[in-house]
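Annotated in Swiss-Prot:
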| type | residues | note |
| --- | --- | --- |
| BINDING | 111, 115, 307 | Fe cation binding site |
| BINDING | 134, 135, 136, 137, 138, 167, 180, 279 | substrate binding site |
């Protein structure tokens, strides 16, 4: 089965071809980072308009790279939610228009399910069951994954997502957009232990997260620097130390909660997905913990940590292989800007 995947939930336009027998044949991605940078964040209307411009050229690119014709495609999977309503509508409209014109079925995919399953695209994918740590700009969750479509929420953020905390901290430090990579880069120049920030809910006894207090702690430290009239090299060093303190605190919480989830479920496999899953400090800490605690940790390829069409094509193919009745030829679609992943549990 050959599935075309279309991702357009936020500020990346991604298309891909996934074949159940041959794996990922091709994927193409356009990021809108340069366009949104001057505004300091994603502008939804601009994001939607750019998806319209980029989708069809990317389609031609993946068809050529995958050596496929439209006649070869068996189904079209698209991101149905969650995400920006306008951006989702663009992707859903294009998917259903192509499907109608080509006489193909469609299937709407949960964006986070795509992330959750994306490590299955690696050469040696993790077998079920496993614990999944989903960390992105909008979501931070721990899930028990028994099979495709069989998900149990173990814990989630009560306020800011980890990626959101990274982005807000970047703004407080006067860094550019996107903030997460900028904070991590600055943190590498900081001195470990120079600034120690709180680890919210580290000992809460559950698997939930909270990052708003950590962000507030960064704000408090920045106000102290302003009151001290720090400037020049002194201010640069202080910001690097503060960034290091923030990253260390966030990583400590993510690792500790992941270890607690593995202990609770008695599983030995951890899958990490989402944009924050590309963070070098988080990967290093989890790899070190895996060596000490005797569990396996799996990630998608770095290129597939961000939003992409490959994960949507994969999720569509896996669902259609298990539940062919989920294929639709109605073409009267809806999108779900808010959509709980646990609601997919069968």
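Even glycines carry a Cβ here, placed using N, Cα and C.
Neighbour counts of Cβ atoms within 10 Å were compared across the binding-site residues 167, 307; the minimum falls on 167.
Within the set of binding-site residues (134, 135), the lowest number of other Cβ atoms found within 10 Å of a Cβ is recorded at 134.
Cα spacing between residue 137 (substrate binding site) and residue 307 (Fe cation binding site): 11 Å, rounded to the nearest whole number. In sequence order, 7, 9, 79, 112, 114, 136, 274, 308, 311, 312 are the same-chain residues whose CB sits within 8 A of the CB centroid of 111, 115, 307, the residues recorded for Fe cation being left out. The binding-site residues under consideration are 137, 138. Their Cβ neighbour counts within 10 Å are lowest for 138. On the backbone, the CA of residue 136 (substrate binding site) and the CA of residue 307 (Fe cation binding site) stand 10 Å apart. The C-beta environment of residue 180 (substrate binding site), restricted to residues of the same chain at least 6 apart in sequence and closer than 8 Å, consists of 137, 163, 166, 167, 170, 275, 276, 279. The binding-site residues under consideration are 111, 115. Their Cβ neighbour counts within 10 Å are lowest for 111.
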